[in-house]
Amino acid sequence: MKQTESLCSNKLLPPLPVLTLCFSTREPLLLQRSKRGWMWNQFFLLEEYTGTDMQYVGKLHSDSDRGDGSVRYVLTGEGAGTLFKIDEKSGDIHATKRLDREEKAYYILHAKAVNRFTSEALEGESEFIIKIHDINDNEPRFTKDPYMARVPEMSDIGTSVIQVTAIDADDATYGNSARVVYSILEGQPYFSVDPETGLIKTALPGMDREVKENYQVVIQAKDMAGQMGGLSGTTTVSITLSDVNDNPPRFTKSEYIQVPETRELGSEVGVIRALDADIGENAEMDYRITGSDGPGMFDIITNRTTQEGVIVLRKPLDFEKKRQYSLRVQVENVHINPRFFSVGPFRDEATIKIVVEDVDEPPVFERASYVMEVKEDAAKNTVIGSVSASDPDDKSSLVRYSIDRRTDMDRVFNIHAGNGSVFILRELDREEYAWHNISVIATEFNNPRQISRVPVYIRVLDVNDNAPTFATNYETFVCENAKANQRIQTVSATDPDEPLGGHRFFFSLAQEAAGKANFSVRDNKDNTAWILTRRNSYNSLQMSVYHVPVVISDGEFPMQSSTNTLTIRVCTCDREGNMKLCNAEAYTARAGLSTGALVAILLCVIILLMIVVLFAALRRQRKKEPLIISKEDVRDNVVSYNDEGGGEEDTQAFDIGTLRNPEAIEESKQRRDIVPETFYPPVRRPVLPPTRDNNGDVRDFINQRLQDNDSDPTAPPYDSLATYAYEGNGSVAESLSSLESVTTEGDQDYNYLSEWGPRFKKLADMYGGDDSDRDS
């Protein structure tokens with residue numbers, strides 16, 4: 001086999017070695033056509049190229065290329081045509097832009113040689129890679145900026161604080177571009193950093209938070225293994241010393257507290273405070289009293305919020321008895337760190353002086369409360385006990401006693417103002433009120449504003465003053481067919497009294513009824529009794545109800561008894577003794593009608609009466625039909641007539657003579673707007689209208705007409721307008737109406753107009769002038 005091999009030219013090689021892609025053709029000796037293939041290797045291209053010309057990558061060449069321009073090279077893949085361009089004729093590949101390895105480290109492309117004229121592939125497509133060669137163009141960058149860290153104060157040298165990390169985007173597999181070394185720029189001599197790992201540690205012992213709490217440390221990360229020319233980046237680490245309990249609490253001075261003697265028990269007397277340089281739980285303290293000249297007088301409580309000791313009063317103060325107290329108070333840390341036991345005891349002590357101030361106090365009772373007893377039958381003004389109070393400031397000062405009437409509204413008790421003796425004003429009843437709770441007031445004579453109170457509990461003791469009675473209202477019946485000595489009822493008793501040994505009741509039949517009794521009473525000796533029959537049968541017709549007097553007495557002293565009446569009805573029963581009918585029901589049954597039947601009949605009669613009444617009412621509510629029917633709403637009160645009158649000469653439309661002579665009115669003339677409902681029209685009293693000859697008042701005339709219309713039963717339900725027009729007399733000009741004027745104008749004399757004054761002068765000239773003209 002003959003094999004030929006063509007090498008690619010290496011013109012314009014870049015500064016670094018570049019491998020070119022070559023085509024090879026292998027032909028066998030038997031002249032058989034063999035498949036042509038690519039021989040390729042990787043191309044390397046330097047990143048961040050700064051030249052002015054396009055950067056040369058490499059050359060593609062096929063042994064089919066004879067240099068006559070018939071071969072066309074085609075480049076496809078990542079960045080083909082944009083980042084990388086190929087000369088179709090020569091196969092030279094150039095980079096058109098500056099590339100960054102950190103954005104993309106390599107590109108995969110495909111090369112192909114085709115016939116320029118027929119586009120027939122001369123060689124099969126082959127793949128090759130262009131790798132971007134790294135340069136140190138990225139400085140190390142820390143993952144955080146700033147870092148926050150805490151380390152306990154007083155830590156030993158070499159205690160780990162925090163680890164910082166810087167990342168270099170350059171290629172870590174090529175050279176030292178991405179090899180980072182850490183160093184500390186600020187923060188010495190307190191801290192150090194491991195150059196390889198970036199771990200920060202303490203470098204100084206005994207760092208005290210109370211002296212300095214916060215530190216700022218600047219760390220530098222440099223690539224190229226820290227050599228000259230390497231790039232670097234920095235970050236700040238904020239380190240805070242956390243607190244440990246390395247300081248004991250301390251009292252700064254002895255406390256001096258003043259408190260009035262009237263301070264209430266359980267209230268605050270004063271507050272003390274110890275100082276601790278630590279914070280948080282390391283500054284928590286407990287206070288306690290280790291010594292006092294008044295045992296049990298005071299207590300101290302720790303306020304966990306403020307870390308203060310609150311002194312509380314446990315026993316009452318009295319200036320007259322003791323004016324000053326001395327307390328020995330100890331404070332100690334709650335959480336103690338064993339590492340610092342050598343520092344000293346984490347406790348301190350102080351002496352507290354408490355001075356009692358004198359206050360004008362109200363009277364003080366000898367007891368906090370009083371309990372008194374009195375029998376309920378005690379007489380009025382009986383003394384049941386006494387109270388006593390005194391002024392603590394002056395034992396000789398007088399005290400006045402009284403009862404708070406708000407606690408004794410019924411004024412059952414009273415008290416002697418001078419000696420405090422309590423006595424009763426009204427009779428008592430234990431069954432009504434077994435206890436009385438009153439309040440007694442003590443007031444200073446010299447200062448009435450100083451008062452005090454004490455509760456007094458008065459117990460009313462029982463006396464046997466109530467007779468026993470039946471425990472309930474019994475409904476007892478006896479059958480007509482009852483047998484002798486048959487039990488028909490069991491009775492018991494109740495008594496509002498409460499004897500110490502409990503109740504014991506005795507039952508018996510009253511003496512007045514013992515001889516003629518139809519029933520007997522048997523005492524069961526257990527506070528109950530049986531009611532028994534004394535004969536074989538009873539007849540409800542002869543006696544339907546029996547009243548049996550039962551005497552109940554108690555066994556107390558003085559003995560109380562009462563007579564209680566037991567009502568027994570006689571009933572009809574079946575053979576088993578079950579009640580069927582009693583008293584009135586039996587009589588009704590024998591008459592043939594039961595109570596239910598009578599009730600049903602009564603309901604039927606009531607329903608019939610209601611129907612009759614309803615029918616009569618509907619007949620009376622007949623609708624009135626007016627003669628005048630309008631297409632408009634019949635509720636209108638105004639009826640319109642579209643007729644035009646004839647004026648003053650029309651005497652048919654309105655008869656003026658009716659007003660002149662009311663006697664001419666037809667008395668029986670009916671209204672024309674509604675149907676008349678009565679055949680007896682109202683009688684109208686004749687009233688003469690005022691005329692010139694009659695000096696009557698027109699007001700009386702109109703009022704009479706108004707009264708007649710108001711009392712007219714035939715009047716419609718709506719308003720009707722009646723108009724009376726009359727011209728009164730008394731005018732100097734008399735009537736100006738033309739109704740009674742003379743027939744000719746020549747008979748009129750208008751000379752009198754000039755006598756009426758200047759306002760009628762023009763009128764007198766007009767009419768008087770006509771007369772003069774006519775005469776002339």
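Glycine too: its Cβ is placed from the backbone N, Cα and C atoms.
The annotation domain 'Cadherin' is assigned in TrEMBL to 62-142 (among others).
With DSSP states grouped into helix (H, G, I), strand (E, B) and coil, the domain 'Cadherin' (143-251) comes out at 3 helix, 46 strand, 60 coil. Summarising the annotation, TrEMBL assigns domain 'Cadherin' to 143-251 (among others).
As annotated by TrEMBL, domain 'Cadherin' applies to 251-365 (among others).
Taken from TrEMBL, the feature domain 'Cadherin' applies to 366-470 (among others).
Residues or ranges marked as domain 'Cadherin' in TrEMBL: 470-587 (among others).
Sequence annotations record features per position, and here TrEMBL assigns transmembrane segment to 597-618.
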For the domain 'Cadherin' (470-587), the number of residues DSSP places in helix, strand and coil: 8 helix, 56 strand, 54 coil
DSSP helix/strand/coil residue counts for the domain 'Cadherin' (62-142): 0 helix, 36 strand, 45 coil
